[in-house]
Amino acid sequence: MNIMDFNMKKLAADAGTFLSRAVQFTEEKLGQAEKTELDAHLENLLSKAECTKQWTEKIMKQTEVLLQPNPNARIEEFFYEKLDRKAPSRMNNPELLGQYMIDAGNEFGPGTAYGNALIKCGETQKQIGTADRELIQTSAINFLTPLRNFIEGDYKTITKERKLLQNKRLDLDAAKTRLKKAKVAEARAASEQEVRITQSEFDRQAEITRLLLEGISSTHAHHLRCLNDFVEAQMTYYAQCYKYMLDLQKQLGSFPSTFLSNNNQSSSAPVQSVSTPSVLASASASLPSVSNSVVTSGISELKSSSGSRKARVLYDYDAANSSELSLLADEVITVYSIPGMDSDWLMGERGNQKGKVPITYLELLN
């Protein structure tokens, strides 16, 4: 029974406090009551925390969009995360494209120029897909998780303490209002005691809130380190992708634009060579780029002269008829041009064997 009486008294006291705060808040909004202002330093800290929260949320959400553009996939990952379960593993976009290219290449025939190139491109796309997964995983751990921890942890604590500070201020100002209205000496003495108590509680809560808010500077320093980790992860990812594409370009070789045209029709537009960014120089130092213009020039000179050149075979090639020469990848043969020959072919010699060979399967040597 005593416990029930205590609970009823506490409930009545809480209701009275809530009503007092509501009245004080309303009168402040109507300009009918004075309001205790926070000191300028605390106001600046509150503003800094709010600004940090807003921009952290925006950066976090946009980073998630960057790493996973598919909104349905993001929603699925969110639900699995809330259920504390691992999302099912699926191919990402580069891996899926790579698989399609490999399947198409095998369907068209690995021995054909197009089929072989599709397979090699598909393998590279799969490598890029793996690098993409590593970027997402590293970025999630080193960048997104710390940002999310701030939003869902530190800032929630700040919000809770800030709300408590607001309530303590309302209690203080309500007590000050009652003191002003007190006429009887006994009531005035009680109101003065209430003001002293609420002032002490307000000052204590203001100090707690201030200490929490001053931690925002440490949060910025921590997020700066996380940002550096994110930049490093991106740099590694783009360097890997560049290296993979440079490897692919080297495997495919750089040939006249007839290789890129349909129905073996010649095109006069030169293929642009890839320029190596200085930031990736270290990643690609061991992979020299083959200049398209040099190769094009070399073949043009060979066709216009009666001389011959050594050439490295890029892929296996099975001769379609007796006028062609079968080739093995990485072997070196002698090539030359004869009058009236199709622009996509050269004559090749290997010992006593000779026959037509497709330009797209060759890399001219100096």
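Glycine is no exception: its Cβ is also placed from the backbone N, Cα and C atoms.
According to Swiss-Prot, the feature coiled coil maps to residues 160-185, out of the candidate ranges 56-81, 134-159, 160-185, 238-263.
Long-range neighbours of the coiled coil (34-54) within the same chain, counting only residues 6 or more positions beyond its ends whose Cβ lies under 8 Å from a Cβ of the stretch, are 28, 150-151, 155, 158, 162, 169, 172-173, 176-177, 202, 206, 209-210, 213-214, 216, 219-220.
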